[in-house]
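Engineer: Per TrEMBL, the feature NADP(+) binding site maps to C:Arg48, C:Lys54. The FMN binding site annotation in TrEMBL covers C:Arg125, C:Ser126, C:Ser127, C:Asn239, C:Ala240, C:Gly280, C:Lys295, C:Pro296, C:Val297, C:Ala298, C:Thr299, C:Arg321.
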4 protein chains.
Amino acid sequence: MAGNTIGKLFKLTTFGESHGKAIGGIIDGCPAGIKLNLEEIQNELNRRKPGQSKIVTQRKEPDTVEYYSGIFEGVTTGTPIGFVIHNTNQKSKDYSHIKDVYRPSHADYTYDKKYGVRDYRGGGRSSARETASRVVAGAIAKQFLSKIEINAFTSSVGDIFIDKPYQDLDFSKIESNIIRCPDEVSAQKMISKVEEIKKQGDTIGGTITCVIKNVPVGLGEPVFDKLHAELGKAMLSINAVKGFEYGSGFCGAKMKGSEHNDLFNEDGTTKTNLSGGIQGGISNGMDIYFRVAFKPVATVIQKQDALNSAGEIVEMQGKGRHDPCVVPRAVPIVEAMAALVLADYLLLDRVTRL
Amino acid sequence: MAGNTIGKLFKLTTFGESHGKAIGGIIDGCPAGIKLNLEEIQNELNRRKPGQSKIVTQRKEPDTVEYYSGIFEGVTTGTPIGFVIHNTNQKSKDYSHIKDVYRPSHADYTYDKKYGVRDYRGGGRSSARETASRVVAGAIAKQFLSKIEINAFTSSVGDIFIDKPYQDLDFSKIESNIIRCPDEVSAQKMISKVEEIKKQGDTIGGTITCVIKNVPVGLGEPVFDKLHAELGKAMLSINAVKGFEYGSGFCGAKMKGSEHNDLFNEDGTTKTNLSGGIQGGISNGMDIYFRVAFKPVATVIQKQDALNSAGEIVEMQGKGRHDPCVVPRAVPIVEAMAALVLADYLLLDRVTRL
Amino acid sequence: MAGNTIGKLFKLTTFGESHGKAIGGIIDGCPAGIKLNLEEIQNELNRRKPGQSKIVTQRKEPDTVEYYSGIFEGVTTGTPIGFVIHNTNQKSKDYSHIKDVYRPSHADYTYDKKYGVRDYRGGGRSSARETASRVVAGAIAKQFLSKIEINAFTSSVGDIFIDKPYQDLDFSKIESNIIRCPDEVSAQKMISKVEEIKKQGDTIGGTITCVIKNVPVGLGEPVFDKLHAELGKAMLSINAVKGFEYGSGFCGAKMKGSEHNDLFNEDGTTKTNLSGGIQGGISNGMDIYFRVAFKPVATVIQKQDALNSAGEIVEMQGKGRHDPCVVPRAVPIVEAMAALVLADYLLLDRVTRL
Amino acid sequence: MAGNTIGKLFKLTTFGESHGKAIGGIIDGCPAGIKLNLEEIQNELNRRKPGQSKIVTQRKEPDTVEYYSGIFEGVTTGTPIGFVIHNTNQKSKDYSHIKDVYRPSHADYTYDKKYGVRDYRGGGRSSARETASRVVAGAIAKQFLSKIEINAFTSSVGDIFIDKPYQDLDFSKIESNIIRCPDEVSAQKMISKVEEIKKQGDTIGGTITCVIKNVPVGLGEPVFDKLHAELGKAMLSINAVKGFEYGSGFCGAKMKGSEHNDLFNEDGTTKTNLSGGIQGGISNGMDIYFRVAFKPVATVIQKQDALNSAGEIVEMQGKGRHDPCVVPRAVPIVEAMAALVLADYLLLDRVTRL
């Protein structure tokens, strides 16, 4: 109820602060009999890891996941999967300067007002470090999804965006550059942009597009738990996300019905896909695609004003090891959240009919 | 689990098909001791009612809500509030032409594939008629929210949009025109646009902006149940919604951190509000504002191709009583969903501290 | 969250006070494609109905169930089933004498202290009238359970009990007498006992035994949601229940392990069944059986002291139309609750394995 | 959904197998601002620990709990409390003899049939070792309950029982003997009984009584989540439990209403307390008391027949380090489960009224 669980049947509950002993989670409801490839899970985690390239934070953390339960001889047993990632690089002293200070556009102020007490080190529970647990769980979910393919990629950084439909992109190239953009020309511009922003001691926002292929028809639970509503919630729960649109999205709001309707082919597929693979909250077998907006990281290296707990405005300066742009490291997080939702809805769909 | 419930403590479960005997719902978790103004609830329902103006569907339904339980001598008792709206204008014969036909961009195909059986009359459970139950529950929630003010309005129709910040608008004028746009000049353009589209036998999309004032600091349950994530899900669960953004939204993805950060005043308020009143998933006391994108209604009067259950493409034509633009009638629905989320989060926040 | 919902996938939410306009409920999660026999559902409701024999309350209520949604052409559609039973015999004046009075061993005092307001007429929400909704939902669940057979019967009234193992009883005789005891000799003694108690203006307790046959192996969700734990909760939620035991029950606490262990046959069945068909919280395919204790009805016709809201002890006297023994009318309620739990666990078990 | 979570607001999710790396859990929803006494939590765990006396299993495990999150400078922060107890004494070789064998009246057979795969070592997830996590969480809950006092004690072993009402017992003596019975005479008889049974290589059942004092009026969520229904479920979820009764319990089923009704005093207390402190599912401020029946431990040292996975009956013999009677070690588990339910219901009650 306090919000640390996602999923109805395939359920993930996470715990952990950025500078506590460990972060981790429990997956309850993972079906029995899945032969897990543990290396692939660690690979996903490595895609999210700090220090992986010159355009992300230079903190170094091994982020090695350990499994405590639920897997026996490499196979899921149907019992809860408890897993842990130990925090090894806390350097708590780094954070004494923010002990009584609320940084602008961070969660310091709201946590303090809500709970009356907080682990202020590195953002504590509000740190995006928590998303590492999501990546682990999402990577396990992916291994349950069989033929469903989930690909996310950076579709814009600042005002630089890919000006092609996703159908013209080669997703196998997503990992070929450090910004995780499958269009090489745009990728290079984006990387230059981030480097330039980084030099300024500033940060920049961006968007991630996610495309899900081979989704069976019938996933989704109307009316409140429509498939896109749950995907939207999952994405909006990621740190720094400000918007979500699927299919035609905000552009669709400018269109006419006669333009927007997706006419059928005889096999039930549609000639166009402005619906984004979901109709009435239920997947129709076409590609599901959506776009997620990330604001610029709030920690800037430039000096700026902050508020302290005594109600005084104080000057502060961010320290050196933050992401100038969150988007490249958020790509695996978006995929993980999509995988968690789809795994859950695949299970939910099993009880639809007699 | 099958998706017809929203809320964790203030919970609404709805039932009903557009052409069954009745629609309605149960509110479980409404606190005891709220003196209800039943007339105000009916007023909200009337704002959503078909036939209220020349630019909405001309169907006529009284949409009178009856209460079966949970209210005694005008006061909530803490027991479940069961309520019902009888369907009086079903005219089931109207729908025989779609019995075996899947209309493009409707939920006919996906419901049939998922459930194997469906009430095809008027969209059945997938009809937006279901949202009447949400409006009833939202209107009850509003009466629990005391000083919190929720105002939604039409901010665009097609490519016509209000080109002012919401702070320059007078919300008391929202109900002064039939499109529910507080800017009179834009309103007239929007109304003309809808009338023109209607004449073409077509439909048009639009956006609704919602502003919530006087929200206490501290509402929101990180990490998965962040306040904006739940608001986003609630909005995305409304029929025809394709996108959600709050605060700076998709524009924020183009900005730099140094521009985007909301600097504090000494009293904890902020000089700007690109955060949209929520930081780290928790309200910070500033206005919450968000924007919701609605696609054009799928039922057009023009002829178009559909698929039948035998796998054949057949020509069909929508019949006369549909909305050319869903947005004006969706304004009270957006408000209702916002009220339901806030009521739930107000209750959730009561258990935050010792 | 306020407690009016049972089930995780096959979910029932009920509403209604004994003297409001109607009681009813919503079943969300009933699979699509079940051809319902509506007459059988009404029959179950008739088994619970007041006025059915000389040893139960002589109130007369038709208790006719109406369906508002979720059933189309006799078949469940997978959408929520909304149903209502109108209250036709409220006679609210009857209850003015208890408006400010807390009857001993009723819920008057606790409801008033908890909620600060209550519908005092006939017990309001705390009335056992609410269980009619459970019987409707349970009867629908039964039609989903296919070969699973649920039989409950009166196993004792006061100190009169059936002194035979259930295996020696003919369940087809349960409905052959008004006390619902399949052993004719015991039944006659029980009926005489109730008649004697009724003459005294008093009431008497009793127990119901329930036997469930043909349960597939594998139902149950350890650790907290063990099958018997959920059955126990379901039974304890019925008005007037004071205890629950399954298999060897309280007698098992006196036994040795060497006596109590159920040795296997080669086909996985067991030679004895002190386990009561459940091991480690999961059904093992043997009969599930349990026993439920009901206290005597609190409303007695004899004069007794009560407390009023001013803190004064006042004399009061129950009025005429109450059950001298709740057990015969509770038999279908016990069956309904068992059916709801099993339907839910059958669905839950579908997501156990890859 | 897979059953490893208990609680609605104060929620515990556990993980872990008896012979995996670790067991543990996450508490989500613990209010912020509770100053925890960690030593008291460890003390509760020590009361459950193997090897603590001559009448319990002689396995030795330190059972030291480590906290990974949710506590900062000794105070709960409102974020999830992740905790772990490492398994140090697994000796997995001990269990090779049961790899393909289903022990009678254990969960081996049902787990294998349900999941198709299992960690057979020491019972895996079905081992009572899991309850150590419950004791940790319950001990944290106790520190939130302030004045509410929970005392459980051994009330019978086999056919030896305390023949006094609980009001005549001195709960401060519960820990004065190894069977945890506050009546010294009965305690000595019980201890002798267990020693005798142990010599026979057999096991014996027993009952635990729990008394909860100083409960505020108003806890409980009718109709399905009545306070005693949730307590019953919590107790029935403990390994080896076969029955639950509260207040008058099964004896109440033999009584008349005129005897059973609890007459009021002017201050709202009652002259008798056959209701067991709960009326209509809501606490009335009187003592809550209930009794829990435990079957004899299934692992006996005597030879007995088992079934193997090939469908053959094989002879097997339990190994040496099992509990001859589970009851003394279960006393802190019963208290922990009661504490978890009460903490949850205290929080739930906060949202009852406007």
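Backbone N, Cα and C atoms are what each Cβ position is placed from, and that goes for glycine too.
Thinking about packing and proximity, how do these listed features fit into the structure?
Structural biologist: In this structure, C:Lys54 (NADP(+) binding site) belongs to neither helix nor strand by DSSP; it is coil. Within the same chain, residues at least six positions away from C:Lys54 (NADP(+) binding site) with a Cβ under 8 Å of its Cβ are C:Ile178, C:Glu195.
Around C:Val297 (FMN binding site), a 10 Å sphere centred on its CB holds 27 further CB atoms from the protein chains shown.
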Engineer: If the FMN binders are C:Arg125, C:Ser126, C:Ser127, C:Asn239, C:Ala240, C:Gly280, C:Lys295, C:Pro296, C:Val297, C:Ala298, C:Thr299, C:Arg321 per the record, what's the largest distance between their Cα atoms, in Å?
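Structural biologist: Result: 45 Å between the two most distant Cα atoms.
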Engineer: Mind sorting out which of the binding-site residues C:Arg125, C:Lys295, C:Val297 are close to chain B, meaning Cβ under 8 Å from one of its Cβ atoms?
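Structural biologist: Cβ contacts with chain B under 8 Å: C:Arg125.
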Engineer: Closest of the binding-site residues to C:Arg48 (NADP(+) binding site), Cα to Cα, picking from C:Arg125, C:Ser127, C:Lys295, C:Thr299?
Structural biologist: C:Ser127
Engineer: Can you check which residues sit near C:Thr299 (FMN binding site), meaning Cβ under 8 Å from its Cβ, same chain, 6 or more apart in sequence, and list them in order?
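Structural biologist: Long-range Cβ contacts: C:Arg103, C:His106, C:Thr203, C:Gly318, C:His322.
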Engineer: Find, among the binding-site residues listed as C:Arg48, C:Arg125, the one whose Cβ has the highest number of other Cβ atoms within 10 Å in the structure shown.
Structural biologist: C:Arg125
Engineer: Are there residues of the same chain, six or more positions away from C:Ala240 (FMN binding site), whose CB falls under 8 angstroms from its CB, and which are they?
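Structural biologist: Same-chain residues close to C:Ala240 (FMN binding site) (Cβ under 8 Å, separated by 6 or more) are C:Ala128, C:Phe294, C:Lys295, C:Val297, C:Val326, C:Ala330.
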Engineer: Tell me, how many other CB atoms lie within 10 A of the CB of C:Ser127 (FMN binding site), whichever protein chain they belong to?
Structural biologist: 20
Engineer: How many other Cβ atoms sit within 10 Å of the Cβ of C:Lys295 (FMN binding site)?
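Structural biologist: That number is 29.
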Engineer: Are there binding-site residues in C:Arg48, C:Lys54, C:Ser127, C:Ala240 whose CB lies under 8 Å from a CB of chain D, and which ones?
Structural biologist: none
